[in-house]
Amino acid sequence: MAEKLRTKDLLNLGIFGTIYMVVMAILGVAGAAAPGLVFGTMVVAAFVNGTVFMLYLTRVDRFGMVVMLALIMSLIMIAIGRSWTTVLTALVFGLLTELILALTKYRNTVANIFAYAVFTLWFIGPLLPIIWFTDDYFQSVAQGNGANYAHEMMNFFTVPVIVAFGVTIFVVGALGAWLGAILIKRHFAKAGMAAGATSQEAVVDAQDTLEETPQGSVVDPTQQA
């Protein structure tokens, strides 16, 4: 894989990053009504974005593209008032996801599904201050959303609930990515939206053929057909 980013890499990052964030934003607005809804809407976001992420992976083939996606998402979250811990979890789980993908060259469906499940764990970032900086966090929530909302959130998001949230988004994220893989195979690939994966596989196959061909020999194309 080439190390330098290409224009199309940045274009794909922008396109899929925007789609990913729009899903988060729409569901985030719905979840602002009550703390309990935050849990549900983020789980739905993890599921829906499974397809977005799997499509994104058909377009990328180099280390760093997933980390950049995670970093951009977390910086946007901070811009709208989330804690700096969001960047921390985005970088940690973004890097873990990238390593999983790199080990399988971004083209193993099972590994990609597992990688997305790991990626979704960055969602716990905005909730970590509840554990680490409890008083300051709820004081901040009360200033922005009112004392009643802060009280409801304090009662709802206990440590066991946050742990359950992490487990839930991991499982649901895997299901969302699995559905995304099915949709790509049945629909998006036919429509040309996942053409990146096909072209990459062709390149890899061609490279493997060249490496396996003895020097000085000529491969008969009719024998490969």
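Just so you know, glycine gets a Cβ as well, placed from its N, Cα and C.
These figures come from a predicted structure and were not determined experimentally.
Sequence annotations record features per position, and here TrEMBL assigns transmembrane segment to 12-31 (among others).
According to TrEMBL, the transmembrane segment annotation covers 37-56 (among others). Cβ atoms under 8 Å from those of the transmembrane segment (37-56) belong to residues 12, 16, 19-20, 23-24, 27-28, 30-31, 65, 69, 112-113, 116, 119-120, 123, 156, 161, 165, 168-169, 172-181, 183-184, 188, 193-194 of the same chain, restricted to positions at least 6 beyond its ends.
Residues or ranges marked as transmembrane segment by TrEMBL: 63-81 (among others).
Tertiary neighbourhood of the transmembrane segment (87-106): same-chain residues 1, 57, 60-61, 63-67, 69-71, 73-75, 78, 112, 114-116, 118-125, 128, 200, 204, selected by CB-CB distance under 8 Å and a gap of 6+ residues from either end. Annotation source TrEMBL lists transmembrane segment at 87-106 (among others).
Residues or ranges marked as transmembrane segment in TrEMBL: 113-133 (among others). Taking Cβ pairs closer than 8 Å, the transmembrane segment (113-133) reaches residues 42, 45-46, 49-50, 53-54, 66, 70, 73-74, 77, 82-83, 85-90, 92-94, 96-97, 100-101, 153-154, 157, 159, 162, 165-166, 169-174, 176-178, 180-181 in its own chain, all 6 or more past its ends.
What TrEMBL records for 153-184 (among others) is transmembrane segment.
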